[in-house]
Amino acid sequence: MTIIVTGAAGFIGSNIVKALNQRGITDIVAVDNLSKGEKFKNLAECEIAHYLDKHEFIRQVREHILPYQNIEAVFHQGACSDTMNHDGLYMMDNNYQYTLDLLDWCQDERIPFLYASSAAVYGKGEIFREERELEKPLNVYGYSKFLFDQVLRRRMKEGLTAQVVGFRYFNVYGQHEQHKGRMASVAFHHFHQYREHGYVNLFGSNDGYGNGEQTRDFVSVEDVAKVNLYFFDHPELSGIYNLGTGRSQQFNELAAATVNACRAAEGKPEMSLKELVEEELIRYIPFPDALKGKYQSFTQADITKLREAGYTEEFFDVKSGVERYVKWMLENLA
């Protein structure tokens, strides 16, 4: 049985491939666009059966000429995840139409389809639950994800021929994101800031939040891969699910966890947030005017639906997850 993973050389896709490998599954077709060649490194430690360029894959899907038999599932992680990309034509073709074509093909062939949605569909809301009235995206990226989720809702009412699951990823961090540049996680950037400068920067006060007190639901990519595989194991489950920890933690906590993990590797003692700020190991910069009115100061996944689907594993909190990530970066990137 063959499994297809799109975006396989990317951040979440490569972690799904790795998680499948850990189960002994290697009959994997990795689909991606390697025009940014450094992404190949994410697949170099994985075992796959074949690589297919994204554009060729899309052509074969649209013409119904994919040569693979007995496809067990499609994990669709390939998308433009740059929330600052305002090219609506590109975003809608790459994130919406491509996903719609894949859905139609998977439904025709009765293949389970697990795809990446996003918490960006909620915009600046303060309640993050999988309900239409709570969804108000702020940018074309969020809209592209929102629009496809509406397609799934309609298809579910009409009746599905095979499993379809959309995961609304919250703030994901972890190994294999180094190719993402400015779109990499805050933990990634803090690690490199600290290694280069000996301190990290955080946004100052804004929107009623104090220095570094804006909060996010930070979720480890290890947990994201686990949840994807849980639904792969349960093809009877379909729907849209938030994928976060259910906890909202301050950027201050993330910065402190990153700096302290780096300090621990240097043989230095852990410091409190107050001490880190006093010693200027954490510094605050003015909140950018360009982000005012477009910035989520708070996110927290409501994971009630995920728990009701039977997923009982505990998620890493920021401290434990970031410690694991910093250890990986020190071993692989430093």
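Cβ atoms here come from the backbone N, Cα and C positions, even for glycine.
What Swiss-Prot says about this protein:
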- 11-12, 32-33, Lys39, Lys54, 77-81, Asn94, Lys145, Val172, Lys180: NADP(+) binding site (BINDING)
- Tyr141: active site, proton acceptor (ACT_SITE)
- Asn171, Arg182, His189, Phe203, Gly204, Ser205, Asn206, Arg216, Tyr295: substrate binding site (BINDING)
- Lys180: active site, proton acceptor (ACT_SITE)
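Overlay of Swiss-Prot feature records on the structure.
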residue	record	Cβ within 10 Å
Asp32	NADP(+) binding site	25
Lys39	NADP(+) binding site	22
Gln77	NADP(+) binding site	28
Ala79	NADP(+) binding site	25
Tyr141	active site, proton acceptor	23
Lys145	NADP(+) binding site	27
Asn171	substrate binding site	22
His189	substrate binding site	15
Gly204	substrate binding site	16
Tyr295	substrate binding site	15
TODO: May I ask for the distance between Asn206 (substrate binding site) and Tyr141 (active site, proton acceptor), taken between their Cα atoms and rounded to an integer number of Å?
DONE: 23
Open item on the list: Under 8 Å between C-beta atoms and at least six apart in sequence, can you list the same-chain neighbours of Phe11 (NADP(+) binding site), or say none if there are none?
Closed with: Asn42, Val172, Gly174, His176, Glu177, His179, Lys180, Val221
Open item on the list: Just to verify a number: CA distance, Lys145 (NADP(+) binding site) to Tyr295 (substrate binding site), in angstrom, no decimals.
Closed with: 18
Open item on the list: Under DSSP, is Phe11 (NADP(+) binding site) part of a helix or a strand, or is it coil?
Closed with: helix
- [ ] Can you figure out which of Asp32, Lys39, Gln77, Ala79 (the binding-site residues) comes closest in space to Tyr295 (substrate binding site), comparing Cα atoms?
- [x] Ala79
Task: Tyr141 (active site, proton acceptor) versus binding-site residues Lys39, Gln77, Ala79, His189 - nearest by Cα - done: Ala79
Task: Distance [Cα-Cα, Å, rounded] between His189 (substrate binding site) and Gln77 (NADP(+) binding site) - done: 23
TODO: Rounded to the nearest Å, what's the C-alpha distance separating Lys39 (NADP(+) binding site) and Asn171 (substrate binding site)? Just drop the number here, would you?
DONE: 21
Open item on the list: Between the Cα atoms of Asp32 (NADP(+) binding site) and Asn171 (substrate binding site), what distance do you get, rounded to the nearest Å?
Closed with: 22
TODO: Return the maximum Cα to Cα distance in Å (whole number) over the record's substrate-binding residues: Asn171, Arg182, His189, Phe203, Gly204, Ser205, Asn206, Arg216, Tyr295.
DONE: 21
Open item on the list: What whole-number Å value do you get for the CA-CA distance of Gly204 (substrate binding site) and Ala79 (NADP(+) binding site)?
Closed with: 31
